[in-house]
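Heads up, the thing below is written out as C-alpha cells.
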C-alpha cells in the first residue's frame, strides 16, 4: 500500500505556521513517546531504576523541608490559631487538585521534563518554553535558599555558631559587605556528586535522610501527644475558641501553608526513570502528598495544643513547646530533624533541574551540551554539574531569602498549565503529530517508488484513481496544516451549534475564555485599589465567563481520542472539567497575590528567557521545518517506513 504525501512548494509556504515572520511557531507541539517511537529512537535514555518507595522518598524529601519546624508557629500566631490543622488540610486538598492533574499526565507522558514536557505536548512550544524557563528559576533559587539555611540549623545542633569550625561558619567579607557561606557550598557539592553517581544510589541516600526526618516528626507527634494528654491540652482551652481569627484567618493560613506541598512535582520530573510509570507515578505522587499532609496535620495538632497559639515562639515553635514542658533535651532531636529535612529538600530541589535542562536540550531549545547522558551512570551528568555550580555560587555569595518569593511563581505557573493541559487532553487532544525527518524521507521514497511502480504496471488504473486521490486526506501534512477532526461531540438539544466541523475551534475558544474569566475574577477580587463598582463589574464578567465555560464543557462529551493519547492504562483524573478549572482558579489567585516586587523580579527573568528563545530556541527547535501526520495514521507510517527500510 502506498503512502500519500503532500508535495512541497518551493515558495513561501502556507499552513498555519506561515512564513518566517509569523509568530505561529509558538504553537508547535511535539508528540507523546510511544513504544513505536521508543524502539526507533537512537536517543540515549535515563536508567529505569525507580519504584514507588523511591518516588515517595523523593516526593516527601522535596516537600517536607525545615519550614515545617518554623511554619507552624508563624501561621498559628498570625492566621489560624488552634485551627492550624484545618489550614493544612485545606491547603492539602488544594494541592491534591494539582496532584490529580499531574498524576494523569505523568502516567500518559512518562518522559523527563515534568510540566514543561506536558505543556509542549498539549499547549505549544511558546508556553512550554515559558514553563521550562520559570522552573529553572524556581529550582535554582529554591536550591540556593535551602542550602543557605543549613548553616544556622547545624549551628543550633552543635550548640551555637561559635562551635562550628572556621571553614564551615559564615564569614563577612570586609569592604564588599557580603556574608559568604562555605558550608552551603560544601553540601551542594556533595549532593551534586551523589546525583552524578546514579539515580539508584542518590535515591537510596535520599530515602535514608528522609526516613530520619520522618522519624523526628513521629517523635514530635508521639512525645507531644503524651505531654498534651498529661497537661490537658491547654492550647485548646481558650476563651477565643477554635477560630480566633475567623474562617477568613484560617483560609489565609491555608494560602500560606499551600507552598509547603509543592515538592511533588519533583516526582513527575523523574518519570523517564520509573520502571512502571503508569502504575508507580500516580502512587508516588499521591502517596507522598498524603503522607506529608498527615504529618503536617498531626504536628500542628500537637504544637497548638501544647502551647496557646499567641504564646508560640515564631522562630523555634516545636523545640520551645517541648522546653516549656521540661524536655529541653528534645531540642537536639528536633534540630537534627531540621538539618536532615534541609538536606533532603536540597537534594529534591537539585534533582529535577538537570532533567528539565536535558528535556529542553533534546527538543533543541537549549544547546545539546545539556542533553548528554553519561553512558555508565545513565544520568545527565553535565546538566547536574552546571546546576550544582550555579546553586553553589548563589548560596555562597547571596542572601537569597529575599528572592524566595520567585520560587512560587514557577510552581504556580506549572500547576496552572498542567490543569489547562488536562482540559486540552480530554476535549481537544492533538490530532496531528510531528514526523521525524528520517521517517519522512523514507516515507517520501516509499511514496515515490509506489507511484512509479503504479505508472509502469497499470497506467489506466492510475489515471482512473486520480480523481479519488484528490479527495483523500494526505498522510503527511505540511507543518501546522489543518486536519479535519473525524470525531463528533454531543450536539446541543436545541440544534447543531456544535458539530465535527467546528468542534475543535469552539471548544478551544471556550477553554481559552474560561481561563480569561478566571484571571479577571481573581484579579478583580484581589486588587483592593480598584473602585468598588469596577471590581464588582469585573468580578461579574469573570464569573460569567468561568461559569459559562464550566457549564459548556460539562454538557458536551469528551473527545474519544483521549483514550489513545499517550500511554494508556494509567491514572485518570476525576471530576473533569470541574477539578482542573478549580485548580486553575486556586493557582491563579495565589499567583496574583504574590506581590508586585516578586512579579517585577520574575518579569526580568522571563524577558531574558524570551530573548533566548527568539534568538536560539526558535531557530534550533527540533520541530523547525517538520511535517505532521494525522494521529490515527502515525503508527502505520512508522511500521511502513521501518519494513521498507529493513
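Quick reminder: no glycine exception, Cβ is built from N, Cα and C everywhere.
Range with TrEMBL annotation transmembrane segment, chosen from 568-592, 618-642, is 568-592.
Stretch with the most C-beta contacts under 8 angstroms to the transmembrane segment (332-352), considering only 82-103, 172-196, 289-312, 379-397, 506-526: 172-196. Contact between the transmembrane segment (55-76) and the transmembrane segment (289-312) holds: at least three of their C-beta pairs are under 8 Å, each pair 6 or more apart in sequence.
A Cβ distance under 8 Å defines the sequence-distant neighbours of the transmembrane segment (532-556), meaning residues of its chain 6+ beyond its ends; these are 423, 427, 489-490, 492, 498, 507, 510-511, 513-514, 516-525, 577-578, 581, 585.
The listed stretches are 82-103, 289-312, 379-397; of these, 289-312 has the most Cβ pairs under 8 Å to the transmembrane segment (208-229).
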